[in-house]
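Visitor: Structure provided below as structure tokens; questions to follow.
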Ligand SMILES: O=C(O)c1cc(=O)[nH]c(=O)n1[C@@H]1O[C@H](COP(=O)(O)O)[C@@H](O)[C@H]1O
């Protein structure tokens with residue numbers, strides 16, 4: 001199974017198709033809000049028809065009943081992974097799983113993972129602006145435990161928290177880690193970043209990589225190099 005999930009942060013179907021046509025084999029991709037809001041859910045069908053695995057990253061965060069209904073309809077799309085914000089709370093997370101089970105296609109629901117603290121969040125921002133005290137690791141572990149208890153399949157976190165999450169929640173509990181940068185890349189808006197090599201050392205199940213691949217001169221070769229670092 002591929003360990004690298006490529007973030008298709010594009011605003012048109014043409015860019016997505018051109019990007020994916022370079023790959024000879026199916027890969028794992030992430031369709032997020034930029035692409036979905038530009039193209040609608042039709043883009044999910046387009047990418048599925050090309051044979052790729054899909055993480056549909058819409059980060060649901062609302063009252064339990066609304067998230068349940070939303071997840072029911074997302075499950076019908078037959079994607080592999082969906083996500084939500086753990087900050088929505090345990091009742092919301094349980095409702096999300098109920099919705100996914102109701103909408104499951106042929107008895108199979110998408111995996112559901114919860115965003116703990118965005119990788120663009122620093123300790124200072126978390127403490128001073130969001131008013132969550134302590135270290136980022138403490139908050140992330142607390143949210144991960146809530147997610148596990150609510151029946152989620154894993155979390156989105158930074159590479160720096162993945163090993164501690166596996167220790168607390170078990171090796172089967174997925175850690176999906178964005179904020180990946182090659183050592184020469186600019187950090188951009190990310191705060192908790194790490195290289196693919198370090199992600200492998202920390203036991204991350206999947207890394208999410210956007211700009212390091214999509215903005216590179218040869219995206220396919222960069223993808224192959226990064227996959228190589230994760231094997
Ligand atoms: O849920 C996500 O995928 C996500 C969570 C998070 O905490 N941080 C984060 O960067 N992401 C996503 O991962 C991708 C990272 O993109 P790059 O910074 O370009 O590699 C983006 O599509 C983000 O929306």
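Residue 1 is the first one shown; counting continues down the chain.
Each residue, glycine too, has its Cβ placed from N, Cα and C.
Keep in mind that TrEMBL annotations are predicted by a computer and have not been checked by a curator.
For reference, TrEMBL lists these features for the protein:
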type: ACT_SITE; residues: 59; note: active site, proton donor
type: BINDING; residues: 9, 30, 57-66, 119, 181, 190, 210-211; note: substrate binding site
type: DOMAIN; residues: 3-226; note: domain 'Orotidine 5'-phosphate decarboxylase'
Visitor: 9, 58, 61, 64: which of these binding-site residues put a Cβ within less than 6 Å of any ligand 1 atom?
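Guide: If the test is a Cβ under 6 Å from any atom of ligand 1, the answer is 9.
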Visitor: What is the Cβ neighbour count of residue 119 (substrate binding site) at a 10 Å cut-off, with all protein chains included?
Guide: 25
Visitor: How many Å separate the Cα atoms of the residue listed as 'active site, proton donor' and residue 210 (substrate binding site)?
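Guide: Distance between the two Cα atoms comes out at 17 Å.
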Visitor: Which residues does residue 58 (substrate binding site) neighbour through Cβ under 8 Å, counting only same-chain ones at least six apart?
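Guide: Looking at Cβ-Cβ distances below 8 Å from residue 58 (substrate binding site), excluding near sequence neighbours, one finds 32, 33, 36, 74, 82, 83.
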Visitor: Per DSSP, residue 59 (active site, proton donor) is which: helix, strand or coil?
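Guide: In three-state terms, residue 59 (active site, proton donor) counts as strand.
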Visitor: With every protein chain in view, how many other Cβ atoms are within 10 Å of the Cβ of residue 61 (substrate binding site)?
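Guide: Neighbour count, Cβ to Cβ under the 10 Å cut-off: 17.
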Visitor: Would you mind checking how many other C-beta atoms are within 10 angstroms of the C-beta on the residue listed as 'active site, proton donor'?
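Guide: The residue listed as 'active site, proton donor': 15 neighbouring Cβ atoms within 10 Å.
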Visitor: Residues with Cβ closer than 8 Å to the Cβ of residue 9 (substrate binding site), same chain and 6+ apart in sequence?
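Guide: When sequence neighbours closer than 6 are ignored, residue 9 (substrate binding site) has 32, 34, 35, 210, 211, 214 within Cβ distance under 8 Å.
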